[in-house]
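Asks: Here you go, one structure.
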């Protein structure tokens, strides 16, 4: 037992497993869960870069970031040097200009090293994409370059204390006075709140409903912008979560992204990609959990034999692997549909987010169970993957909302 504990303590087994995973496509043995299956050579190349970065820079630190609630700014900026700060932002403003499928491949790989940190990076990317896609040339060249290098960090501000799933009922107001908007209201559960430099804010410039919402960029340090206390969370502890508060906060009209009344459309377009991104983060957590369980079953002995000889546990592992691969296929199908702007892309993104976040959490939870008492210790990575992936069923549109969007597509006339 002492040897087993020392082998796993402080996530040492995780680092070794991820290093091995990063080298998988160079090996003669191909496992059925190989994440490079179906990818072209270029995609395999940047996937390996992401896996290597996850194993080298993230996995050795994920436990400390979680337990000390550290926001790993320096490591994220290293990720940005590899092009991960603006993965699907256009190249003329510093982005990598990659596809939605490419982005999913990268976020899955990074999430094996730290799911929480990768999830923040994915939100940051979504904000940069919104500005790149809907901003004018001046806005694109002002905001996107420092976001792509992660010199500056971004937060997405949609949810409010009184409007979660019913986002179109948001109350934060922006009243124009001359060449400024005066913002009043608050946003809740904002990832990066208080630490980010740029806040992409959905606020009400017109009447009630979705058509009265606009998108405005608020920069940190603007008078009237403040933040609530840092929330204590079950997971996602490597990224701070705070309320974002606006009290007579004057923001230049020039910071409005798109036209007045276009904000809800921008928000929903961003979330379609955000759902692929967060599902990919769940996929990375589940993939790492399967790898760790695979190793644990070979090493841990009970009743005089390795756990890997138990047919029941073999079947459990097989189910986990099957759910993992099915999730990956759904995510990648939806990513391609979104890239091609297919009419069913919203439903497919919703399906992928719904299925992958639920099944991948189930994989992480089962991995903890199969580690026995060790899985419940914070010295072992499986518990962190389970905690960090749980919230994915709630954010970027709850899975109940995903079911609404899917059924709406099916029942349309």
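Cβ atoms here come from the backbone N, Cα and C positions, even for glycine.
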Asks: Based on what Swiss-Prot says, identify which of 48, 187, 220 is the N6-succinyllysine one.
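Replies: Residue annotated N6-succinyllysine in Swiss-Prot: 48.
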Asks: Of 19, 68, 211, 301, which does Swiss-Prot mark as N6-succinyllysine?
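Replies: 211, according to Swiss-Prot.
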Asks: Among 78, 269, 378, which is annotated N6-succinyllysine in Swiss-Prot?
Replies: 269
Asks: Pop the Cα-Cα gap between residue 269 (N6-succinyllysine) and residue 408 (substrate binding site) into the table, whole Å please.
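Replies: With the alpha carbons as reference points, the distance is 17 Å.
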Asks: Here the binding-site residues are 191, 272, 398; which one has the lowest number of other Cβ atoms no more than 10 Å from its Cβ?
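Replies: Minimum Cβ neighbour count within 10 Å, taken over the binding-site residues 191, 272, 398, occurs at 398.
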Asks: If you count, for each of the modified residues 229, 269, the other Cβ atoms lying within 10 Å of its Cβ, which residue has the minimum?
Replies: 229
Asks: Measuring Cα to Cα, how many Å separate residue 396 (active site, proton acceptor) from residue 162 (FAD binding site)?
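Replies: Rounded to a whole number, the Cα-Cα distance is 16 Å.
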Asks: Can you tell me the CA-to-CA distance separating residue 165 (FAD binding site) and residue 274 (substrate binding site), as a whole number of Å?
Replies: 15
Asks: Max Cα distance spanning 165, 272, 273, 274, 275, 408 (substrate binders), Å?
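Replies: Max Cα-Cα spread across the substrate binders: 20 Å.
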